[in-house]
Amino acid sequence: MATHTSKRRIHRWENNELSEENSTIIYFPARGLMWTHFPFVLGICLEFVGYVLKIVFINSPSISTFIAQSVLLLIAPSLYALSIFMLFSKMARLILMEAYMLIPAKFSTVSFVVADMIGRVLQAVGGGLLSSWNSRNTGRILIIVGLFIQIFCYTFLTFSQLFLHYKMKATPSKIVRDSNEWFQYNFILLAGILLVNGRTIVRVVQFLMGLQSYIGQHEWCLYVFDTVLMFLLPLIFLATFRARNLFKLQDKSVNIQLNKLLDKESVSED
């Protein structure tokens, strides 16, 4: 979070001690940044509950337990992706390079959330239909459509991150030039979305091949290409969070922006 010094300086800005023409600054309240991480935490919880139910199903098989664990494990990674997207959008704004996003943040956020939600709903409905033999094929199709929607979203986000990374190298803002931590943070987000997309592609292959396919009949495939990937993702974020998180990076951005505004104010007073 912002340091005490930065908070005092933000307070000065908020109380209009700077002249109006020099009072533009980009920052997010700490509570807003905390909520940006909420889908990620929820995804971890759903993954945990999903695997607990998987153990319960192995010891005491029932169709309801199977459906519940399947739906939770299908939906949880999309929550990781949602947090990654929101963090990426905020990062682009904090480095004053939102113009280099493939779609402006205010439009892309709504589009991503809606598309991702549609994908999740289709997977949840499809997972429910798997319980009935007559509707099992319909459920499988709905899950596949939902997964393809998410693959499109995640691929778009990947290209957005790569394009912004290129622009950060080619035409960096003053904030980016001040520290390479922004590049490192973008790499963390990029690694996260690649893991989610890789896992989603494996799931599409599984359902395209059918529930009786090799992947469906051999649990090790899902453990290697789903469980391991989704274990690595939160592990990477948790391991790097102390050193690289948006709270600390925002503090750097705010300080640079305020220094620039105060310099302008000093020049205008002279």
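Cβ coordinates come from backbone N, Cα and C, glycine included.
Judged by Swiss-Prot topology annotation, Ile63 lies across the membrane from Asp178. Ranked by Cβ pairs under 8 Å to the transmembrane segment (66-86), the stretches 38-58, 182-202, 221-241 are led by 38-58. Of the ranges 38-58, 94-114, 141-161, 182-202, the one with the most Cβ pairs under 8 Å to the transmembrane segment (221-241) is 182-202. When Cβ-Cβ distances below 8 Å are used as the criterion, the topological domain 'Cytoplasmic' (87-93) is approached by residues 26, 28, 33, 36-37, 100-101, 105, 108-109, 157, 160-161, 164, 182, 185-186, 189, 246, 249 of the same chain, each at least six residues removed from its ends. Between the transmembrane segment (94-114) and the stretches 38-58, 141-161, 182-202, Cβ pairs under 8 Å are most numerous for 141-161.
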